[in-house]
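K.L.:
Got a structure here, written out as structure tokens. Questions coming.
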Amino acid sequence: MPRTIAQVRAYTVRGKGADYHDQSGYHWIDDHIATPMSVYPEYRQSRQSFGINVLGTLVVEIEADDGTVGFAVTTAGEIGAWIVEKHLARFLEGRPVTDLERIWDQMYRSTLYYGRRGVVLNAISGVDLALYDLLGRLRGEPVHALLGGPVRDELQFYATGARPDVAKELGFIGGKMPLHHGPAEGEEGMRRNLDALADMRGRVGEDFWLMWDCWMSLDVDYATRLAHRAAEHGLRWLEEALIPDDYWGYAQLKRQVPPGMLVTTGEHEATRWGFRQLLETGVDIIQPDVNWCGGITELIKISAMADAHGTMVVPHGSSVYSYHFVVTRTNSPFAEFLMMHETAEKIVPMFAPLLLGEPVPENGRLRVPDTPGFGVELNPDVERSRPFTH
Ligand SMILES: C[C@H](O)[C@H](O)CC(=O)C(=O)O
Ligand SMILES: [Mg+2]
């Protein structure tokens with residue numbers, strides 16, 4: 001008989017951690033990056049000014065009836081803690097730890113009237129990942145073994161950050177930069193974007209992948225013009241050019257970009273139904289975030305559907321939670337590493353300082369550890385609180 005779930009607990013943490021936009025002091029990740037809010041000049045310089053970091057980190061702990069505890073982290077803060085404690089916990093406590101599918105389905109169906117995506121799916125993802133962690137710990141196996149085992153010996157990474165030139169030195173296969181100026185900054189902003197790309201191309205040489213992360217800031221017309229002008233500097237892909245709801249725009253953009261340039265998106269999409277719509281647009285790479293899209297139980301379905309469309313799945317960030325998945329799938333040939341060092345010049349663990357044992361790539365590569373569950377522990381020195389109980 002499988003173990004049963006004794007208790008579900010939700011905690012919040014402020015500063016860094018899973019809410020990696022929650023940085024203080026200078027950080028490249030908050031330095032005049034183009035966003036959907038860039039149409040308002042007063043919100044252009046800092047994403048924190050419009051509240052990109054309001055949520056904070058959610059930690060979900062699930063305890064089995066023998067006292068074994070699994071956990072996971074995501075971006076959802078207090079609102080997520082409330083959803084887990086007051087609504088989702090009832091679908092877990094007293095159930096077998098192996099009931100992944102039924103638990104996911106009940107969490108999703110029961111929250112449909114206020115959920116479907118966004119913070120509710122972040123909370124569901126956190127619960128699902130904590131359950132995988134618990135199952136791995138109980139069985140003494142890494143999560144990648146629960147998913148069918150690795151299809152390659154190690155992962156290779158591209159780096160996201162302000163310094164692709166440093167990423168190249170560190171052994172990454174490519175560098176993805178934030179786009180700094182959106183359509184509201186006119187031709188001057190367009191020129192600055194292209195100058196930055198040309199400058200970086202000059203530093204990294206011809207063959208190194210360079211990509212742009214547009215964080216939902218563009219429209220189809222601007223994105224098309226940007227893509228054509230960027231082609232001469234060898235831009236490999238244009239990421240998340242449009243708002244996530246504009247599936248029709250993505251289909252049009254895919255038809256209009258120069259041959260060979262990839263259109264990628266999906267980090268703010270959730271569930272198999274959202275990704276079905278996205279796959280039908282014809283984008284080249286989908287980028288679900290396993291901490292936000294519904295967890296591993298849902299990513300398995302999204303990935304299989306993408307595979308049948310001949311589309312690559314390169315998950316957004318998510319550290320160990322995506323590494324254990326990516327290593328088990330042939331249509332996920334590489335992974336993202338988000339450079340959380342303030343100037344992107346050094347490698348630091350993505351969710352630092354929240355996790356102990358969080359692995360980082362060396363020379364752009366990583367052998368996913370075989371330690372049980374996701375192989376990480378909560379750092380006891382990081383203060384957390386439990387705002388709600390049930
Ligand atoms: C750099 C991007 O604006 C964002 O902060 C991270 C992201 O979208 C990505 O890693 O992809
Ligand atoms: Mg992105």
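Using N, Cα and C of the backbone, Cβ positions are placed for all residues, glycine too.
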K.L.:
Among D207, D213, D219, D221, which residue shares the Mg(2+) site with E239, E267 according to TrEMBL?
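P.N.:
Matched candidate out of D207, D213, D219, D221, per TrEMBL for Mg(2+) with E239, E267: D213.
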K.L.:
Hey, TrEMBL has substrate bound by H21, E336. Any idea which of R3, R44, R47 it lists too?
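P.N.:
For the substrate site that includes H21, E336, TrEMBL also lists R47.
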K.L.:
With DSSP as the reference, give the number of residues of the region 'Disordered' (366-390) in helix, strand and coil.
P.N.:
0 helix, 5 strand, 20 coil
K.L.:
Mind checking which residues of the chain, 6+ beyond the ends of the compositional bias 'Basic and acidic residues' (381-390), have their Cβ under 8 Å from one of its Cβ atoms?
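P.N.:
For the compositional bias 'Basic and acidic residues' (381-390), the nonlocal Cβ contacts are 9-13, 17, 59, 78, 81-82, 85-86, 89-90, 353-354.
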K.L.:
Using the alpha carbons only, what distance in Å do you get between H316 (active site, proton acceptor) and E336 (substrate binding site) once rounded?
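P.N.:
Distance between the two Cα atoms comes out at 6 Å.
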K.L.:
Quick one: of the recorded positions R47, D213, D289, flag those whose CB is under 6 Å from ligand 1, and say none if nothing qualifies.
P.N.:
D213
K.L.:
Give the sequence-ordered list of residues that share a chain with D213 (Mg(2+) binding site), lie 6 or more positions from it, and have CB atoms under 8 Å from its CB.
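P.N.:
Same-chain residues close to D213 (Mg(2+) binding site) (Cβ under 8 Å, separated by 6 or more) are T160, K176, M177, P178, L179, E239, E240.
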